[in-house]
């Protein structure tokens, strides 16, 4: 075999080994983002660091109605995990959007339908809740005990 071909093959193998250590990204977050846009007018990034429960993790008492939407969504995902093999952050699902109406179309009782229903309820809740800019990017250690 040509030495140049061996070098290319080696480079491909090394890059594949490196890629094997990259954790998979949550797949349904793109769907959830699109669902949020379907239900309301705020960009999804407005919710990433909002209050005590919006974004990763969550603790303490929700600061307002919007933060309660995120807490409820977290609890809904916790319930979805009881399906055994249901991992909400990685479970994709089918739905339709006819602004502002969202319809989940996976089979009732399935993991996908349950996760879709969680995301749908949260998106509708987000759209209905007032947004308090003072609750964005707060110090969670100070305000969320």
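Backbone N, Cα and C define each Cβ position, glycine as well.
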From 74, 78, the one annotated by Swiss-Prot with 53, 55, 57 for Ca(2+): 74
Secondary structure at residue 104 (disulfide bond), reduced by DSSP to three states: strand
Candidates 38, 52, 111, 116: member of the disulfide-bonded residues with the richest Cβ shell (10 Å): 116
